[in-house]
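TrEMBL annotations:
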type	residues	note
ACT_SITE	LYS38	active site, for sulfotransferase activity
BINDING	LYS38, GLY39, GLY40, THR41, ARG42, ARG119, SER127, LYS244, GLY245, ARG246, THR247, HIS248	3'-phosphoadenylyl sulfate binding site
COMPBIAS	11-21	compositional bias 'Pro residues'
DISULFID	CYS227-CYS239	disulfide bond
DOMAIN	29-264	domain 'Sulfotransferase'
REGION	1-28	region 'Disordered'
Amino acid sequence: APARRPRDHPGPPVGSPPGPARPGTKRLPQAIVVGVKKGGTRAVLEFIRVHPDVRALGTEPHFFDRNYDRGLEWYRSLMPRTLDSQITVEKTPSYFVTKEAPRRIFNMSRDTKLIVVVRNPVTRAISDYTQTLSKKPDIPTFEGLTFRNRSLGLVDTSWNAIRIGMYAVHLETWLQYFPLSQIHFVSGEKLITDPAGEMGKVQDFLGIKRVITDKHFYFNKTKGFPCLKKSESSGLPRCLGKSKGRTHVQIDPEVIEQLRDFYRPYNVKFYETVGQDFRWE
């Protein structure tokens, strides 16, 4: 039976429309998109929630990294109501690089299915930098932040934009708690070129029918992204928001070459560990 609610359980948000409550129960998520930042996690979430057997939390709760002390009941209270046949999903891309996240998720449920959207770490870093730059225009150059010593080609692995792309390193922590069979890796590149194919594999992994197919997508040339013909809520076409598909900052090709060299061993290790070649070379 579900745990009794504590007395100070938060009520419905102020201003929420009256009317019949949604049927179903708020459940802890059975699947979490744990990473990675700038990999394509928002697209995966928006695409998967079109499925009738999936209910997703729209915002990032950051429970297993920033809000853990609020407790599981707080976390559960954020979740959408689901029927027994439905899966609850949330996404917070920073979990993948949070040391404590694998243990904390394991302690919630060792059966949690984990989805990681990965992308070429060099383009991921540039995308990450581009996002930061749009919020803080006076940060140093990409080159300046990338290297501890440019002439020696020493990369600064303490810079988050670089560190996140060292997938093999972060994955080791997850594999201390979860078998590979419980982690599904989505190619951020294929998500753009073949959204239906990538989402087909996600649906298989979640154990739900392949409902989302190429009928659901059209390619938007302006954005350079696939968009949904119908969204979950309104039945209108839906593309990702303005902040998605920003034009990347131009980076010196030599810097890109040095970064590719830096990431190569990590990529190879990652491919070998997960048994999947993402063709980033």
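Note: Cβ is positioned from N, Cα and C throughout, glycine not excepted.
Annotation for LYS38 (active site, for sulfotransferase activity): spatial neighbours PRO93, ARG119, ARG124, SER127, ASP128, GLN131, criterion Cβ-Cβ under 8 Å with sequence separation of six or more. A C-beta separation below 8 Å, combined with a sequence spacing of at least six in one chain, links ARG42 (3'-phosphoadenylyl sulfate binding site) to LYS91, LEU240, LYS244. Around the Cβ of THR247 (3'-phosphoadenylyl sulfate binding site), 7 further Cβ atoms fall within 10 Å across all displayed protein chains. Between the binding-site residues GLY40, GLY245, the minimum number of other C-beta atoms within 10 Å of a residue's C-beta occurs at GLY245. The CA atom of GLY245 (3'-phosphoadenylyl sulfate binding site) is located 11 Å away from the CA atom of CYS239 (disulfide bond). Sequence-distant neighbours of CYS239 (disulfide bond) (same chain, 6+ apart, CB under 8 A from its CB) are ASN220, LYS223, PHE225, CYS227, LEU228. The Cβ neighbour count for CYS227 (disulfide bond), using a 10 Å radius and every protein chain shown, is 20.
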